[in-house]
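Asks: Structure provided below as structure tokens; questions to follow.
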Amino acid sequence: MGAEAGEPSSILSLAAAFSYGVASMAMVFVNKAVLMQYVHSMTLLTLQQIATALLIHFGQVLGMSKRKDFSLITAKKLLPVSIFYNANVGFALASLKGVNIPMYIAIKRITPLAVLVAGCMRERETTDTVICTATGVLIAALGDFSFDLYGYRMALTSVFFQTMYLILVEKSGAEDGLSSVDLMFYNSILSLPFLFFLIIATGEFPHSLTVLSAKAASLTFSVILIISLVMGIVLNFTMFWCTIVNSALTTTIVGVLKGVGSTTLGFVLFGGVEVHALNVTGLVINTFGGVWYSYAKYKQKKKTPRKIQHDVESHAHK
């Protein structure tokens, strides 16, 4: 498409970003729907990772997907990615049990603040946009009648881990020539021992499986759970794909933009959100800051294009 060698085409970049945005938005609502009926978030994450590993394995056996052979050296390199990923998702799921979706999206939208702090806040224009976004969160929190301190702490902790693993994914994909499928498989395999330890140490297991067996009798819950497992796979693939083809920054920007739609739908689809002028004002400021941030970074990226090896080409190194 006229892209320079080693640089992903505009269509590929757009497709990756759009796919991640849609999957990310859908996953928030699907997980919220499951957690409203099944509170064992770490067990849910474990099931999602098992489903991912099995799908990729049997996909390769049947010739439907390709991935590099498992390497202990690569696994050691990707272990921090897996740790940060599971910490992010684990804290995010825990926060969804106590925080309504509009506020959850608002809090997650300040992820770029962590990136700026890591970069010593060197860019004035971007700094202003993130300050605006963070200010919106504070104002919205003051007007949040359903304020849940535990949920807020979990969401903010998730923001930190999300920033760290996206940066590591970008570095791993570019340096090691790994595809989205490769990263997904390694992440799932490396995650399982960690997750099994957590669900046992926290006391979720085996009670969570007993509750799951009882809930499975409900057709509605079973359908939502299956959708959650499938969407977990789709989200992981599109997230890794977007980060490799574009950058960790682009993935963050897409997360900010999809939050606009998620915030609106969150008020409509789920009950329990009492509207207050401060809350709405804060969410509007937060959303404006997020869009402003995205526009600022888009202009910066056009000035300094980033050359990386894209996802499709990575298979050539197999």
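A Cβ is built for glycine as well, from the same backbone N, Cα and C atoms used for every other residue.
This is the feature table in TrEMBL:
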TRANSMEM  12-30  transmembrane segment
DOMAIN    22-294  domain 'Sugar phosphate transporter'
TRANSMEM  42-63  transmembrane segment
TRANSMEM  83-105  transmembrane segment
TRANSMEM  126-143  transmembrane segment
TRANSMEM  149-169  transmembrane segment
TRANSMEM  181-201  transmembrane segment
TRANSMEM  221-241  transmembrane segment
TRANSMEM  248-270  transmembrane segment
TRANSMEM  276-296  transmembrane segment
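Map the listed features onto the structure and describe their local environment.
Replies: Sequence-distant neighbours of the transmembrane segment (42-63) (same chain, 6+ residues past either end, Cβ-Cβ under 8 Å): 31, 34-35, 86, 89-90, 93, 181, 184-185, 187-189, 191-192, 195-196, 198-199, 202, 204-205, 208-209, 212, 225, 228-230, 232-233, 236.
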Asks: Give me the mean pLDDT over the domain 'Sugar phosphate transporter' (22-294), rounded to a whole number.
Replies: 80
